[in-house]
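Novice: Below, the features straight out of TrEMBL:
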| type | residues | note |
| --- | --- | --- |
| TRANSMEM | 12-33 | transmembrane segment |
| TRANSMEM | 45-68 | transmembrane segment |
| TRANSMEM | 147-164 | transmembrane segment |
| TRANSMEM | 179-199 | transmembrane segment |
| TRANSMEM | 211-231 | transmembrane segment |
| TRANSMEM | 243-266 | transmembrane segment |
| TRANSMEM | 278-295 | transmembrane segment |
| TRANSMEM | 301-319 | transmembrane segment |
Amino acid sequence: MIHMSCFVSENVSLLFKLYCLTVMTLVAATYTVALRYTRTVGTELYFSTTAVCVTEVIKLVLSVGILAKETGSLTRLMTSLKENVFGSPKELLKLSVPSLVYALQNNMAFVALSNLDAAVYQVTYQLKIPCTALCTVLMLNRTLSKLQWFSVFMLCVGVTLVQWEPAQATKVQVEQNPWLGFGAIAVAVLCSGFAGVYFEKVLKSSDTSLWVRNIQLYLSGIVVNLFAVYMSDGAKVLEKGFFYGYTYYVWFVIFLASVGGIYTSVVVKYTDNIMKGFSAAAAIVLSTVASVILFGLQTTLTFLLGAALVCISIYLYGLPRQDTTKIQPAETKNSKERLATV
């Protein structure tokens with residue numbers, strides 16, 4: 001599923017970019033629906049903190065494997081790991097910031113999908129795009145066009161309509177707390193915007209291999225998530241076991257999260273973080289259809305109108321514009337002045 005040769009090419013074709021974005025959209029939609037299924041159908045509910053931790057371990061293994069392919073030999077792989085990972089505590093510390101934020105974001109996704117339908121979650125979670133846009137302007141010294149800001153505003157209106165009269169799932173019998181779900185999404189949105197742009201800046205500000213950066217990120221992430229397991233579910237994990245409640249569906253969710261994480265880092269490296277967010281929004285349609293079939297989702301007029309506005313905003317953002325795949329040099333005006341003039 002992952003083509004190794006494409007990852008090491010610096011001259012990335014448009015076809016490869018579209019391929020990665022398409023795969024990531026499909027993975028995002030499937031992941032959301034599958035995660036929702038595991039949190040509402042299973043009789044023995046697994047610990048979400050352990051699932052997030054296992055995901056980080058798998059992503060670490062995949063990144064080491066791809067780095068081995070990139071370096072070409074075991075000796076060069078060990079040299080690269082020694083120099084860039086184990087011999088660079090400052091770099092590990094630098095990547096611990098997004099690791100901590102990503103850990104919080106991933107755990108909030110489980111809380112949200114335990115209390116909200118997959119389609120409602122997908123639409124509401126796109127609020128990460130305005131947050132990402134703001135962080136992009138402030139942290140990467142970029143400017144966004146008026147049309148881009150308008151599309152972001154339209155997206156916010158669309159999400160508001162979805163929440164105005166939320167769609168209801170008729171086949172879900174477990175107790176849910178929508179307000180807890182919305183609160184979890186709010187936290188996840190803030191985490192996604194900051195951590196995504198922070199990691200993009202780290203990637204594009206040096207020539208260090210993408211997979212070295214991933215290894216640094218996932219090593220920090222494993223430590224952070226193990227601490228989260230201990231703090232949140234420590235006693236229960238000791239009593240019932242680390243893999244309590246795991247089924248084939250749970251492992252499928254973990255697999256999707258791992259593959260999605262790898263593709264996300266590739267997309268951030270070769271496109272930009274806002275484009276990644278808008279491409280993920282296309283998963284709304286797939287999630288809605290799946291929710292109607294699997295969970296008996298009863299859509300409302302305001303939900304459909306809101307989802308349509310989100311999709312239109314995706315189209316508007318995708319209209320021809322200046323290249324934002326490179327970090328622009330700082331201009332004489334600061335970021336706040338740019339925001340004021342947009």
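Glycine is no exception: its Cβ is also placed from the backbone N, Cα and C atoms.
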Novice: Could you give the residue numbers and ranges of same-chain residues that sit at least 6 residues beyond the transmembrane segment (147-164) on either side and whose C-beta is under 8 angstroms from one of its C-beta atoms?
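Specialist: Tertiary neighbours of the transmembrane segment (147-164) are 120, 123-124, 126-127, 129-130, 133, 182, 281, 302-303, 305-310, 312-314, 316-317, 319, 321, 342.
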Novice: Select the range from 45-68, 179-199, 243-266 that forms the most Cβ-Cβ pairs under 8 Å with the transmembrane segment (12-33).
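Specialist: It is 243-266 that shares the most Cβ pairs under 8 Å with the transmembrane segment (12-33).
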